[in-house]
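Peer 1: According to Swiss-Prot:
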- CYS115: active site, proton donor (ACT_SITE)
- LYS22, ASN23: phosphoenolpyruvate binding site (BINDING)
- ARG91, ARG120, PRO121, VAL122, ASP123, LEU124, LYS160, VAL161, SER162, VAL163, ASP305, VAL327: UDP-N-acetyl-alpha-D-glucosamine binding site (BINDING)
- CYS115: 2-(S-cysteinyl)pyruvic acid O-phosphothioketal (MOD_RES)
Amino acid sequence: MDKFRVQGPTTLQGEVTISGAKNAALPILFAALLAEEPVEIQNVPKLKDVDTSMKLLSQLGAKVERNGSVHIDASQVNVFCAPYDLVKTMRASIWALGPLVARFGQGQVSLPGGCTIGARPVDLHITGLEQLGATIKLEEGYVKASVDGRLKGAHIVMDKVSVGATVTIMCAATLAEGTTIIENAAREPEIVDTANFLVALGAKISGQGTDRITIEGVEHLGGGIYRVLPDRIETGTFLVAAAISRGKIICRNAQPDTLDAVLAKLRDAGADIEVGEDWISLDMHGKRPKAVNVRTAPHPAFPTDMQAQFTLLNLVAEGTGFITETVFENRFMHVPELSRMGARAEIESNTVICHGVETLSGAQVMATDLRASASLVLAGCIAEGTTVVDRIYHIDRGYERIEDKLRALGAHIERVKGE
């Protein structure tokens, strides 16, 4: 397995171009199964999960090409089963189920894999599809969905806010008979982006970005061209990289209005931040950040996917900061690894108490999930000496060329090929 070797400490400064959002690109790729005509999707990041999704769409019979943009023609889809060998590495594959059953009346997806963060069950996806009239069976490790004729619109109240299940229900409802209302819907920018993509193909969706989404079913969706929004988590990660190294950065191709909660906390930490239409700049003026208190919650509150990065910020900041995780359990796996580098932290239930230290020391550490591993790489950039981050396949699932982008900011980082 590949590793990163990082030599520190460095002050990170310069410009970085933000990639398209993984968490919008994946649902949009699967939503393309609903279209009877070709679609072109621009600004799709080059990531392992994206490659896996494209492979899966090809196996289902779609024509998939990448030349800058991703081109998908799902008019000839004739296989309705997403097999275990592709699904096992990526839980996003569950998003194939809604479009398959909505357009073809049947779909099967192997129970998914991906990051091992707490309980992320597929029951909310299943309940939603059942409420739209699908029959669901769990057999031999597969979720099997079927319907006679078309799905039927329904008034669905989500038990809890779920990005994944909101996507599944919204996609399936676009081709259902009648109107579907999703109450307690997720409000994330990536949900809005997926809805806007579907609208570009002819879907009738309103209320995306609020907790009540209305979908009027149509008989079919056509083709179109759509550009995926910038990745707010990648943007936030690079802003934190500059903040903890007391540097300055400009993030290009960013979307500042998707990051309000993160920018507010960075300002609290002492960062000087400016925003334009598609850029964000951060300057620490050489100062050490101040500790901040953070509580994760669904959008528009502070995103759980930025929690590990802010844990690291607090661990090198002035003072003591509290980080409370309310979205996923078991999401502090980076804390013991950072402690190996000299960080001082205690975990109490779903809160990390971070006591800022002046410097971290390089160590051998292991990535456990996507965002935790990014925080370990950033820690290596500011630690004294050499840090080796193992199991970086997690990072490759969510960050496009992170080492090249960090190197352009002055980091001393190299990828060491595994045996």
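Each residue, glycine too, has its Cβ placed from N, Cα and C.
What's the neighbourhood like for each of these?
Peer 2: Secondary structure at ASN23 (phosphoenolpyruvate binding site), as computed by DSSP, is helix. Under 8 Å, Cβ to Cβ, and six or more positions away along its own chain, ASN23 (phosphoenolpyruvate binding site) finds VAL163, GLU188, GLU190, ASP231, ILE233.
Around the Cβ of ASP305 (UDP-N-acetyl-alpha-D-glucosamine binding site), the number of neighbouring Cβ atoms within 10 Å comes to 24.
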Peer 1: Hey, of the binding-site residues listed (ARG91, PRO121, ASP123, LYS160, SER162), which one tops the CB count within 10 A?
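Peer 2: When each Cβ's neighbours within 10 Å are tallied, SER162 leads.
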Peer 1: For LYS22 (phosphoenolpyruvate binding site), what residues in its own chain, 6 or more apart in sequence, show a Cβ-Cβ distance under 8 Å?
Peer 2: PRO45, LEU47, ASP49, VAL50, ASP231, ARG397, GLY398
Peer 1: When DSSP states are folded down to helix, strand and coil, where does PRO121 (UDP-N-acetyl-alpha-D-glucosamine binding site) land?
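Peer 2: Coil, per DSSP.
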